[in-house]
Amino acid sequence: MMESEVDSEQSRLKREIAELRAALNRKEQCLRELEASVSSDASAEEQVVGNALESPGRAVHTKLTNDDIARYSRQLILPDFGVQGQLKLKNSSVLIVGLGGLGCPAAQYLAAAGCGRLGLIDYDEVERSNFHRQILHSESRCGMSKAESARIALLELNPHCEIHCHSRLLYSQNALHIIRGYDVVLDCSDNVPTRYLLSDACVMLRKPLVSGSALKMDGQLTVYNYGNGPCYRCIYPVPPPPEAVTNCGDGGVLGAVTGTIGAMQALEAIKVIVGLGDVLAGRLLIFDGSSGLFRNIRIRSKRPNCHVCSAQPLITELIDYEMFCGMHATDKDNPLQLLSTDERLSVKDYHAKLQAQPHLLIDVRPTAEFEICQLPEAVNVPLVEILDDSYLKRFGKQLEDKELPIILLCRRGNDSQIAVQHVRNRFPMHSVRDLIGGLHAWTNSVDPSFPIY
């Protein structure tokens, strides 16, 4: 074997070992959190997630108070809702997974409508980038647990609503225990592993799952595992590749779009609880915010050979969903690993060694993002232009110099790797690398004054 081949194989093995160690560290952290949770507040958790079977002493309301009548009068006078509908809401419990752009308006409307008990799950903390769409949080609660921040706001809105916070990640190890105590589950998450986890758990526990999503100017909504409707796996039996997944942190979203879908998730939950109207099971509502149009399309029915919800399921217990999907169960930076170490450059090395030397620095972010902030030396060529080679005429003379290093960067160091692969194939004799971690790494490691978004 050639020496260069040996070096390449060593680099590949070292990279794989590093990735496996990182995965092991995440699993060990999950185990530590679970053990700490069980040992420190097992009895409290039983009260939090206890349903009528686990907590037989929980009161069942059979009449409305004068305050209830005054507070909910505008919906009480609806002929198809009335007193019985309000009592069903008062005796109901809803679990909201994710207190972000979808979960905040959903929780707000459910609390306002008189849902008796809300469970709030979110591992994250409030930060300024949340405020344009996550309307329960405020400037004064920056750094607070999102679940706790939402609880404070909801109790100000309706002090009669019983609210329980789960400020933790939802894992295979704790999902069934938590979900068991609620009547309806709302998927307000922003990642694929959690969607599979919630769907599988709700099938196993026979809970309806109201699932919403929003990205850019568009939103979608459906109800899984209700009546004869399908589960999430019936529609998506195989997860998408990680590089094909875009969340609102990468693609952006308008706050009013998440508000629209979140409010409609609350509406579907109320319909399920009360038995009101035609629940969105077996149908997908699609909202186009740019045109203001709503479409309602029929989706496939239950898959007879579904691995989870069929008569003879192959999956009867929750699995490792991060491994199944090949991505993290969070909406935080989810770094791709498409390049070898010799094809990448740290921001510190770039700043120390290369920045003052002749080179071509290409920022592959969309133009709208480039206008927010940019490095002084960077030229903007969006990734779509890299992939269709429309940039070649623009840099014809520079690209003739095979000694000129080409550095590609983006916001987080993911799109730049895709760009490197394409440019290296086009110019195999050039030195083409990307900046690890992108502009986020630049802010964290080189220039703290550089804006981060």
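Placed from the backbone N, Cα and C atoms, the Cβ positions cover glycine too.
Going by Swiss-Prot, these are the annotated features:
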ACT_SITE  CYS248  active site, glycyl thioester intermediate
ACT_SITE  CYS410  active site, cysteine persulfide intermediate
BINDING   GLY101, ASP122, SER129, ASN130, PHE131, HIS132, ARG133, LYS146, ASP190, ASN191  ATP binding site
BINDING   CYS231, CYS234, CYS306, CYS309  Zn(2+) binding site
DOMAIN    355-451  domain 'Rhodanese'
MOD_RES   THR62  phosphothreonine
Candidate nearest ARG133 (ATP binding site) in space, where candidates are the recorded positions THR62, CYS234, CYS309 and distance is Cα-Cα: CYS234
Distance from the residue listed as 'phosphothreonine' back to CYS306 (Zn(2+) binding site), taken between C-alpha atoms, in Å: 40
Listed in sequence order, residues with CB under 8 A of CYS309 (Zn(2+) binding site) and six or more positions away: VAL203, ASN225, PRO230, CYS231, ARG233, CYS234, LYS302, ARG303
Chain-mates of CYS231, CYS234, CYS306, CYS309 with C-beta within 8 Å of site centroid, Zn(2+): SER199, VAL203, ASN225, PRO230, TYR232, ARG233, LYS302, ARG303, HIS307, VAL308, SER310
SER129 (ATP binding site) versus the residue listed as 'phosphothreonine' - Cα distance in angstrom: 43
Cβ contacts of PHE131 (ATP binding site) (under 8 Å, same chain, 6 or more positions away): HIS137, SER138, GLU139
Helix, strand and coil counts within the domain 'Rhodanese' (355-451) (DSSP): 34 helix, 14 strand, 49 coil
Three-state secondary structure, CYS248 (active site, glycyl thioester intermediate) (per DSSP): helix
Among THR62, SER129, the one of these recorded positions whose Cβ has the fewest neighbouring Cβ atoms within 10 Å: THR62
For the domain 'Rhodanese' (355-451), the mean pLDDT of the predicted model: 91
Mapped DSSP class for CYS231 (Zn(2+) binding site), helix or strand or coil: coil
GLY101, SER129, ASP190, CYS248 screened against the residue listed as 'active site, cysteine persulfide intermediate', Cα within 10 Å - retained recorded positions: none
Cα-to-Cα gap, GLY101 (ATP binding site) vs the residue listed as 'active site, glycyl thioester intermediate', nearest whole Å: 10
Neighbour tally for CYS234 (Zn(2+) binding site), based on other Cβ positions within 10 Å of its Cβ: 24
